[in-house]
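Annotated features in TrEMBL:
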| type | residues | note |
| --- | --- | --- |
| BINDING | 243 | ATP binding site |
| DOMAIN | 5-307 | domain 'Glutamyl/glutaminyl-tRNA synthetase class Ib catalytic' |
| DOMAIN | 330-470 | domain 'Aminoacyl-tRNA synthetase class I anticodon-binding' |
| MOTIF | 11-21 | motif ''HIGH' region' |
| MOTIF | 240-244 | motif ''KMSKS' region' |
Ligand code: GLU
């Protein structure tokens, strides 16, 4: 047994990989990386009704996209049910668990009574010490833990501090159901133990489970892993995170054009801080991450911050990798098949050439796609309403003149077209801006675009002159 760090991410595949889950995965991943350990992945698919293959696929895809790779094979919890049963039987044999034959009606009555008396312990210990020989024949028993009835259960949580439960308030929890299926609580403990997990890092909605799980560890004589329960992510107003406020699957963030590095950077700052530092490379994040700096207050999700951070990552990404991301995101946004079909070596090269200008004004890959619209637009261009309004009859005559002026440029480049346009403006006593705007409308179909000389350069001579001709009148 080595003492190297083993963390795990243990999502239930009842839905996509949501943003809170992604942050939990990130924290586990960072902690493992920082300590030269491993992060394992366990799919908690014991809820057969609600677990789906599609959700498993979305979780694996989401983690891969976020570049949060796990170590070893994926562990599927349901496949380990026999081992969970074995542990329940062992506890039974050791007298640390017992069979409970209480009927559904009896249990309901116990619960009602406990509630009426304001007690949180719902099970009254009915079968704890009763002779199984007196058991009714028609009830399939559950196996319950013979939990301590006095004293305290204490979790020294790395984030929450020391958390204490009075044992008199905790139930003898069910380990194995009447149908022989292990409960979630048992499965988690057995799996974490068998997988050699040293650090459990998860949402604080599981804090109460930690107390129950500790009782199972104690009964088995196993060592409890280090526990860290991180506060959940709330909406910007402090309320439960709603869809509108970001409670979406990671795939939705991908489709909205966020970069994995930006999302990771955003997520790491949700509940964890390192001085005032906002931007972290992956290496910096790994080096700086620690559990002691995870706050206890709920983190608030802020779309505007995420967007700004994403803009930063886009501006600093290299052009070739942005071309790749541009291409990749097209598969995840509906209705972009046509654009995808237009990507070839020529258009990719154009895109790369335009990238320095395009990335300056895009906060997401979707905005980048939008900005690059002009590169892929077919002649004659569809003009947006503002460009349409700009191309008055007078300006269309100007476009005709500009076409003639630019036609004379033999060796096409940004600089050569700039020289020609400046000369034209001067000769006609026009300001460069008065020339550039109609030109932009005719060349891009929009009123905003990268610098006009860059546009001319990227489109090239033939396409530029063709587009001007399309809009010109004499
Ligand atoms: N499967 C649980 C969930 O998705 C996590 C359990 C755990 O981390 O212990 O919320």
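Even glycines carry a Cβ here, placed using N, Cα and C.
Note that the coordinates shown come from a computational prediction; the quantities given were computed from them, not determined experimentally.
As a whole-number mean, the pLDDT of the domain 'Aminoacyl-tRNA synthetase class I anticodon-binding' (330-470) in this prediction is 96. A Cβ distance under 8 Å defines the sequence-distant neighbours of the motif ''HIGH' region' (11-21), meaning residues of its chain 6+ beyond its ends; these are 43-45, 47, 50-52, 55-56, 58-59, 61-63, 203, 232-233, 241, 246-251, 253, 267, 301.
According to DSSP, the domain 'Aminoacyl-tRNA synthetase class I anticodon-binding' (330-470) comprises 101 helix, 0 strand, 40 coil. Here the motif ''HIGH' region' (11-21) is broken down by DSSP into helix, strand and coil counts: 3 helix, 1 strand, 7 coil. Secondary structure at the residue listed as 'ATP binding site', taken from DSSP and collapsed to helix, strand or coil, is helix.
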